[in-house]
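Here the structure is laid out as structure tokens; the discussion comes afterwards.
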Amino acid sequence: MGGDHGHSHGDEGGSFYVHLIAGAAAGFAEHCGMYPIDTIKTHIQAIKPGAMQTSSLQITKHIIQQHGITGLFRGLTAVAAGAAPSHAVHFSIYELLKFKFIGSDEDHHPIKVGIAGAIATMTSEAVASPMDVVKQRLQLQITDYKGLTDCTKRIWVKEGIRGFYSGYTTTLVMNVPYNIVYFASYESLKKIIQPWFNNKNPEERSYQLIDHLVAGGGAGMLAAAFTNPFDVVKTRLQTQSDFIASSTINSAKSIKRYGGMMDAMKTIWIEEGMDGYLRGMKPRMVFHSMSSAIVWSVYEYFKFILGE
């Protein structure tokens, strides 16, 4: 992550708060900037088997026709509420563990970096999962929901605390390997890319935007492709409901059709084959490539200006 400006972890307390602030800023910028693509991806993955197949463009047109341009941003409040704290936790713990495992930014151990990212994920997802569930319910234009507060209240009343953690196990199963690939790829790509775009001595360099854009984008794309099947399962689990109907394309009365992660994986394979696991893969790769470029650029920038 931040080896570009020769920072030291001598003041671990100060560094920890820098990472909290930088992580929060990066998470907010990433999710707000990429939200429309995430909405489209969620619609694609939530389409029921046997329903008419639709493209990203068709879904985009349908959402705008039915709900206006704001339909692409429905649920954004939930993301804004959850992204900043979850990313703050994620990056601060990641940096702390990376330092404990490796010690110096000059050393490079992809496996240790990946493990640090995976452990950080387990903590941050506990913060992010409830808002992720609310976000996806709102993204699918569930007409019974009047907004963030109403959606949150009704999930609590109808489904209890378990409703906010629907797909949580799948999220962890997906995000642990995702973040192993993601963080290891980012750090590795950054080491490779730095000599290409910079002629200065690495010890004298400050913030270099191109490093983080390219390394972040590449890492996000690789990790997204690797874990797409788990993301499909997670989306199906989080968006199923036994008490409301959806107004999306191919709308149909929703029922709880998946008993859990393993049942969802089995059912998708039987009913849809490999194509089911690959739903939304292209927009997801685009989304994670662009969002990762944003998050790393903003994160490293805030670390730099905060003196890290």
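Backbone N, Cα and C atoms are what each Cβ position is placed from, and that goes for glycine too.
Residues or ranges marked as repeat 'Solcar 1' in Swiss-Prot: 14-100. Annotation source Swiss-Prot lists repeat 'Solcar 2' at 108-192. Feature annotation from Swiss-Prot assigns repeat 'Solcar 3' to 207-305. Annotation comment: Swiss-Prot describes 13-29, 69-89, 111-131, 168-184, 213-233, 285-302 as transmembrane segment.
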Ranked first among 13-29, 69-89, 111-131, 168-184, 285-302 for CB pairs under 8 angstroms with the transmembrane segment (213-233): 285-302
Positions whose Cβ lies under 8 angstroms from the transmembrane segment (111-131), at least six residues beyond its ends: 78-79, 81-83, 85-87, 89-91, 93-94, 97-98, 101-102, 164-165, 167-168, 171-172, 175-184, 187
Spatial neighbours of the transmembrane segment (69-89) far in sequence, C-beta under 8 Å, 6+ residues away: 19-21, 23-28, 30-32, 35-36, 39-40, 60, 63, 120, 123-125, 127-128, 130-132, 134-139, 141, 147-148, 151, 295
Tally of residues which DSSP labels helix, strand or coil - the repeat 'Solcar 2' (108-192): 71 helix, 0 strand, 14 coil
Helix-strand-coil residue split for the repeat 'Solcar 1' (14-100), DSSP-based: 75 helix, 0 strand, 12 coil
